[in-house]
Each structure stands twice: as C-alpha cells, then as structure tokens.
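Listed in TrEMBL for this protein:
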type: BINDING; residues: R64; note: pyridoxal 5'-phosphate binding site
type: BINDING; residues: R86, S87, Q94, R305; note: substrate binding site
type: BINDING; residues: R261; note: tRNA binding site
type: MOD_RES; residues: K274; note: N6-(pyridoxal phosphate)lysine
Amino acid sequence: MISSGYLQQGQQAIQRRKKQFRSLLSERRLPTSGWDDQSIEMFLQEVAAMDSNNFLDSVGVGEREARVASGLVARRHYGLAHGIGRSGDIAAEQPKAAGSSLLQKLTNVLTKDTLRLAGFGDLGEVSVIPVATGMAISLTVLALKAGRPSGAEYMLWPRVDQKTCLKSLVLAGVKVVPMPMKRIGDQLCTDIDSLGAKVSELGADKVLGIVTTTSCFAPRAADDVVAVAKLCAEHGIGHIINNAYGVQAQQLTRQITMAWRRGRVDAVIQSTDKNFMVPVGGAVICAGAKNDELVAKVNQSYPGRASMAPSLDLLITLLHWGATGWTKVLQEREELLPAMRIALSQFAKDHACLKAVAAVRTMLSGQ
C-alpha cells in the first residue's frame with residue numbers, strides 16, 4: 001500500500017519504542033533518559049489491553065467491576081478499571097487484570113530504584129499504596145500493632161505541631177504520648193533521654209513503638225532517627241519514620257539509611273505528591289533490607305482492592321523523568337537551597353525582620 005522504504009522507516013520507529021518497553025521490563029529500573037509522552041501512552045495502552053475488561057469480543061456477564069459509563073473517564077484511566085490487589089493483599093495479582101498487576105509491580109520496582117538514586121542504601125521492600133501520608137501512617141501502626149503483644153498500647157511521639165500525624169495515631173487506636181522537644185540554639189530537637197526514661201517508666205512491653213518525624217515546620221528540627229533507632233533496638237519496640245517530605249533531601253535519606261543499619265526501623269513513609277510532583281493521594285512505604293517484614297504486613301492488612309490511580313500517576317512521572325531527569329530534579333533542589341537562604345536573608349534585612357527576631361530571642365532567653 002505504501003513504498004517499502006517508507007514502510008521500513010515506520011517499522012523502525014515502532015520497533016525502537018518496543019525495544020524501550022522490553023528493556024524496561026527486563027532491566028526493572030528507571031530508564032536512563034525519560035520517555036516522550038507518546039511512548040508512555042503506547043506502553044500503557046498495550047499493557048491495558050491485557051486487562052479482561054479490554055479484551056476484544058468479550059462480554060463480562062455478571063461483572064460488578066470495570067464497568068465505566070463515561071468514555072472520558074475510561075480514557076483518563078487508560079482503560080485500567082479493575083484496580084490493584086485482592087481482598088487478602090493489595091500487592092497480590094488481580095486475576096482479571098494482568099496489565100494492572102504488572103503496572104503496579106513495575107511502579108514498586110521503579111520507585112525502589114528512585115529511592116536508591118535519592119540516597120537510600122540497603123533498601124528492602126517498597127510499596128506504593130493509594131492513600132495519603134496520614135492514612136498510610138494509620139495502616140502501618142495497625143500492622144505493627146497486630147504483631148505485638150496485646151498490652152503494647154502506647155506510642156511515643158516527639159511532638160509536631162501539625163494535626164495529621166496525631167490524628168493518624170488516634171485513628172489507629174493507640175494511646176499517644178506526646179514527648180517534649182529539647183531546645184538547642186534556635187531549634188527544637190529530639191530529647192533522647194526523655195524518650196528512654198518514658199520507655200522505662202511505662203515498661204517496654206507496654207510501648208508499641210516510637211513515631212519520629214524527619215521534616216516539619218521551623219523551629220522544629222528533624223528527629224535524631226539514628227539515636228531513636230538504637231533506643232528502639234535496645235528495648236525491642238517498633239520505630240516508624242514519618243518522612244513525608246524527605247526523599248528530596250539527601251541528608252535525610254542518608255540519616256534514615258544509617259538508622260536502619262545501626263538500629264531498628266520498621267517502616268518509613270513518604271508522600272508521593274510532596275516528593276514526586278503528582279496529584280495528592282499516594283504514599284510510599286519502605287524499609288531497610290534487614291527488617292522489611294512490616295511493609296508486606298501493611299499490604300496484607302489493606303481491606304479489599306484499591307485504586308491504581310496514584311500508582312499510575314507515579315509510574316508515568318518516573319518514566320517521564322528517567323534516571324537523568326530525576327537526578328537533575330534532586331540536584332536543582334540542593335542548589336536552590338543556598339540561593340533561597342540568601343534571598344530570604346535579604347528580604348528579612350529589607351523589612352527589618354531580623355531586629356524583631358532578635359528581640360523575641362532575647363525575651364525567650366530571659367524566661
């Protein structure tokens with residue numbers, strides 16, 4: 001129908017994209033360079049054809065799922081309507097959706113590679129779940145609670161003046177013990193001595209664990225996750241790290257790596273939107289290789305199937321970036337920090353804020 005020369009050119013273009021697909025599935029890591037939008041869409045459409053609701057000449061008699069009334073909704077989700085997981089495990093394969101199951105597993109694998117590039121070492125299990133950070137903390141605490149003696153009911157929580165983490169712990173049905181911070185200079189830091197004293201006071205068998213926080217609003221500094229990890233290992237209690245914003249900061253990823261190498265860390269929770277520039281609604285749960293059982297338990301505790309929309313958003317974004325693009329984003333954030341400090345200092349100087357801050361410090365030091 002067309003000249004053989006032109007046909008060959010077209011076939012070569014298609015085969016080049018298919019080679020990308022094969023390399024992605026065989027290497028199971030981020031492509032070096034990001035993919036163009038057409039390649040990503042072709043890949044998703046091919047994989048979506050593996051889901052039973054997209055089979056040709058197939059009528060799903062009695063089907064309750066994957067019935068989509070609006071063509072716009074179907075296109076928005078690339079026809080991936082069955083969701084992920086099964087009633088017993090969100091990470092389990094979905095019998096009617098081989099394509100969706102493949103994409104979910106691929107997202108977890110690529111996310112693990114992404115975390116490695118961000119500075120995490122000795123990574124174990126990684127799971128992307130379709131709930132935001134607060135609900136992810138609740139699910140993780142519930143999974144930790146299920147594996148501990150029934151009398152372990154207290155969760156120590158170095159104080160953060162933000163509602164989400166506290167509400168997530170209350171929802172999980174634990175007795176929250178807010179712990180005071182220690183002022184060092186103009187920062188509020190982890191008071192390891194008071195944490196250790198409280199564990200001894202309550203009894204280690206009564207303490208479910210400690211939830212630490214790596215990133216929050218000033219003047220609250222990142223918790224000393226290494227010291228807390230050692231404390232938790234010493235007393236045999238759980239340790240969950242709320243690392244909502246922390247993937248983008250290599251100093252934090254290195255501290256977390258050191259924490260699970262030197263002590264106990266059961267799970268680390270990250271927000272997908274805060275770290276990967278996707279819509280709100282997903283979280284990444286990970287752990288170190290020597291102690292990653294809790295991540296699988298969270299997957300197994302998830303009730304029913306789940307939406308794959310957050311995983312799909314993350315997968316598309318990671319393919320868009322590739323390893324080179326993701327690394328560039330991390331480098332840009334690091335480079336912008338000193339520039340932001342200079343600009344904020346100049347702003348404060350121009351608006352006489354420094355005098356006000358100095359006056360407040362003087363007042364506080366006299367109290």
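Numbers run from 1 along the shown chain.
Placement of Cβ uses the backbone N, Cα and C atoms for every residue, glycine included.
Source: prediction; values computed, not measured.
Everything TrEMBL records as a feature, shown here on the structure.
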| residue | record | Cβ contacts under 8 Å, 6 or more apart |
| --- | --- | --- |
| R64 | pyridoxal 5'-phosphate binding site | none |
| R86 | substrate binding site | A92, E93, Q94, P95, R305 |
| S87 | substrate binding site | P303, G304, R305 |
| R261 | tRNA binding site | G121, D122, G288 |
| K274 | N6-(pyridoxal phosphate)lysine | T133, A244, Y245 |
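Of all residue pairs in R86, S87, Q94, R305, the annotated binders of substrate, the farthest apart have Cα atoms separated by 10 Å.
Summary of the substrate site environment: with the site residues R86, S87, Q94, R305 set aside, the chain residues having Cβ atoms within 8 Å of the Cβ mean position are G83, I84, G85, G88, D89, I90, A92, G304. The 10 Å shell around the Cβ of R305 (substrate binding site) contains 19 further Cβ atoms across the protein chains shown. Within 10 Å of the Cβ of Q94 (substrate binding site) there are 21 other Cβ atoms, across all protein chains.
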